[in-house]
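Participant: I'd like to ask some things about the structure below.
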Amino acid sequence: MSNALANGLAGAGGGIIAQIITYPLQTVNTRQQTERTAKKKSLAADGAATAPAPPGGGTLFQILQVIRTEGWGGLYSGLKPSLVGTAASQGIYYYFYQVFKNKAEARAVARKKKGLGDGTVGMFSWLVVAAVAGSVNVLLTNPIWVLVTRMQTHTQAERKIMEAKREAMLMEASDADATDMEAFKEKLSELDSTKPHPFGTFHAAREVYNETGIKGFWKGLIPTLIMVFLLGALAKLGATVSTYPLLVVKSRLQAKQEIGRNVMLRYTGTLDAIIKMIRYEGLYGFYKGMGTKIVQSVFAASVLFMVKEELVKAILFLTDESRKILLTFGK
């Protein structure tokens, strides 16, 4: 087995384990990123300025809230396609990274034989290797992450739709006659008892396709590719902080666009999302849920690299032992 394939398989295995452990944090973080909060103060009935409603508590509070309203399954919405995406992403990345790394090292040795360089790969070359491997990964796996984001935010989107319907019914009730109040109460009770529809991978894929066709599966591609090049140039924690606004933009583009007349809730593309976020939410909107993301990223990276290195050793050891056994039987 080649070193590249061993690294690819180990990366996939390590990524799956890290994803399962940290997935609840990722679900909550995605919901935090896609939550809209207007920056402008509104006016109360008496003309006094009132601040916009604050986000719904911290990370732990939101985790408990999801468990209370949706059960443990709510924290793992979209886990199946996420595991497929993680295995594919880590496997593809580490495989191509090793392939390009081997080529870069071989090229450096060849240059040394010609009297050019000292035989080592320069920092810029390493950045290019990481960026190219990351770009190949993004192009191939972006559709999976679009589906994961949709499934993670489905309940949140359904709740907002229900809230909009409830608000519209209350406005109608204010103009209704007293004789219609009983019917109104029944409709309101029926709406409040409505549960979110089941939403699996197929439902998510059909929704994305019906909205924008095939191109919808590559929403958020531009900010993701930009992050790939920045991640190669920065340390993990620093990269999380500096590229987080792009991550928020990507999540919002991939999530279901809100239904309603409010233009701040709908985006037509990357630039439109950035402009509307600055206009309606300010800089704070680009850093929603960053604390959750830092904890999840550091934890996931620690698990991934620890498991990956052990898996690489195990795979190479088993391959070597298998080769010895085959040679023994072949004699």
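Just so it is clear, glycine is given a Cβ too, placed from its N, Cα and C backbone atoms.
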Participant: For the transmembrane segment entry in TrEMBL, name the matching range from 225-247, 294-316.
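Facilitator: It is 225-247 that TrEMBL describes as transmembrane segment.
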Participant: When TrEMBL marks a stretch as region 'Disordered', which of 32-51, 52-71, 172-191 is it?
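Facilitator: Of 32-51, 52-71, 172-191, TrEMBL gives region 'Disordered' for 32-51.
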Participant: Quickly jot the same-chain residues contacting the transmembrane segment (121-140) by Cβ under 8 Å, restricted to those at least six beyond its ends, or write none.
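Facilitator: Sequence-distant neighbours of the transmembrane segment (121-140): 88-89, 92-94, 96-97, 100-101, 104-105, 108, 221, 224-225, 228-229, 231-233.
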